[in-house]
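Visitor: Below are the structure tokens for one structure; questions will follow.
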Amino acid sequence: MDPATEETSDMAKSENLGLFLRIRPLLQSGVRGDRNPRFRRKSAFEPWFQKMCLRVKTSRSVTLSPPLALERGRTKTEVYDGFSQVFSPDSSQEEVYEKMMRPLVEDFLRGKSGMLAAFGPSGSGKTHTIFGCNSQSGMVPLALQQIFKETSDSTRSLFISIFEIRCEGGKEERVFDLSPNGVDLTMHRSTLKGLHEVVISDWRHGEFVISQALLRRATSPTNANSQSSRSQCVINLRIVDDKSNGEVNDQANDGVLIIVDLAGAEREKGTGNQGVRLLESNFINKTSMVFCLCLRSLLEHQKNPMKPLEKHFQDSLLTKYLRDYMEGKKRMALILTVKAGGEDYHNTSCLLKQATPYMEIKFNNEPSKRRLSPSFVLKGYKEKLEVAEHEIQHLRESNLELEKELKDHKSQIEVAQEIQRLRESNLELETELKYLKSLIEVERLADDQVAEETQRLKESNLEPEKEVKDLKSLIDVQISGDDQWDDSVVEDLPNKNAISPSNEDNDRLARRRKGKKWSSLEEDTLRAGVEQYGVGRWKLILTSNRDIFGERTQVDLKDKWRNLTRQHTHH
Ligand SMILES: Nc1ncnc2c1ncn2[C@@H]1O[C@H](COP(=O)(O)OP(=O)(O)OP(=O)(O)O)[C@@H](O)[C@H]1O
């Protein structure tokens, strides 16, 4: 997104009022502000921390306890929580700057308006925090240093204006320009006519201009502060792009950082102010009161929009000038400064009760129409680029991790797939094996059958073989005895038992000789068998046509064939 556009959308976001609390360190006896005789007397005997009515609880909360002298009446300790930050008595200016001021200055450099106001009782350290002293730079000098550090390479110029609102002699409020050659100013609506802006060349120049202005500020010694501010002091910082030649084209649309050092409200009882001081004090208290009324009305209006936003801002020049902030249109931060001594209990308690609800106030910054300088936009882009590069690097790293994880997963999936594939091929092999086994089984069964059949055939062949043998031997006998015996002799053989077969054999032989008459089917089958298998393959011809030849033997077949061939040759 374009940084300028983003800036605009940033500003549209609502945010809470930043409420900071700074506890001033207890000063040594004799220093103004701790001069109440009651506590001075006690300090000789009691350790310093026993005098503290306010203590830091956490970085965002404090506990307020009534001092020992008042304890009998009100023993309750109260806790005030929710501050943006609590600064303990030993916190340094730099610490306050880092946590409170730096974000405001950074936003200001981006063109976002903001306001910081120091608010608290007299002598609690508002001026010290805002302007500092010789040894400890305050928020304004530190801001100048940061602004010049960050704009050194750009074409922008810083403008400062500083003025105070005071009430001389308790009469009407007046505005004084505190810049060199400054004059009385008049306010029209929320704008000061004739306010002089000084172009600052570097931060030292800025510090000098501020210090010179402060010399013109109205201060007086009071009971609470040896150099009490008797006016409300306002500093405006504004950055202008040099391209506009320092011309103020549309001041209302520029990002402005306003820092306000309010004069410290005083309780009349404690100050002992009289005459003019008392009138000043009344003015100071009135301005503080109007300031608080504006914020309270804003808060109530925000909580319940039915309640109108009262126009309290009209009741003091300061709130008039700060109208946009008082109406919640621009963001602001408050730093409450307090003293934590026992005698400060009432002031501190009043301030905390009054101001802590303000932390609920919200601001809807109106978008600035101010155009940012190209170098500033470029800087924004550079910053975004750096962030984006960082982000990309981070994404790359996490991407690498993811890739590695993915690879691991992939290899796991591959292994699982391989296992699945093997399982499936295993299943196929198993089925094939089963099939082969069943084939083998069938084969085995067939073999058994064949063996059985062979056996059966063998057995059935034994008989004809024996018959053949018998016949052969008979034929041999016939051949050898052809000279002595004719067929009739053979008929008589039973009586000549020495060389003839047994009666039983003769019977069978005779049966076969006479035999069953050959049918023409048998003769044809025999012829076909011989044709197919050849002469002499009687066994094969017989077994192949067992159903036709019935009980005939191979010898029958052979004889019949001989007969058939003989008949054939006769013919
Ligand atoms: N944090 C601090 N550390 C050291 N000294 C401090 C601190 N805060 C304030 N002081 C000293 O306390 C005294 C009163 O402080 P300062 O003038 O800032 O109070 P103030 O709130 O501005 O009072 P007033 O409203 O009367 O102007 C000064 O001498 C100042 O140097």
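Just so you know, glycine gets a Cβ as well, placed from its N, Cα and C.
In TrEMBL, annotation is done automatically, which means it is predicted and not curated.
The annotation domain 'Kinesin motor' is assigned in TrEMBL to 16-361. Among the features that TrEMBL reports, ATP binding site is placed at Gly120, Pro121, Ser122, Gly123, Ser124, Gly125, Lys126, Thr127. The feature coiled coil is assigned by TrEMBL to 378-439. For 492-514, the entry in TrEMBL reads region 'Disordered'. Taken from TrEMBL, the feature domain 'HTH myb-type' applies to 510-569. The domain 'Myb-like' annotation in TrEMBL covers 510-565.
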Visitor: Could you break down the residues of the domain 'HTH myb-type' (510-569) into DSSP helix, strand and coil, giving a count for each?
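Guide: Residue counts for the domain 'HTH myb-type' (510-569) by secondary structure: 46 helix, 0 strand, 14 coil.
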Visitor: What three-state secondary structure does DSSP assign to Thr127 (ATP binding site)?
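Guide: SS state of Thr127 (ATP binding site) = helix.
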Visitor: Neighbour count, 10 Å Cβ-Cβ cut-off, for Ser124 (ATP binding site): what number do you get?
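Guide: There are 28 of them.
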Visitor: In the three-state scheme derived from DSSP, which category covers Ser122 (ATP binding site)?
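Guide: Where Ser122 (ATP binding site) sits, the three-state DSSP reduction gives coil.
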Visitor: As a test of reading the model: what is the averaged pLDDT for the domain 'Kinesin motor' (16-361)?
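Guide: 82, rounded to a whole number.
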Visitor: Which binding-site residues out of Pro121, Ser122, Ser124, Gly125 lie by ligand 1, going by a Cβ under 6 Å?
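Guide: Among the binding-site residues listed, those whose Cβ sits under 6 Å from ligand 1 are Ser122, Ser124, Gly125.
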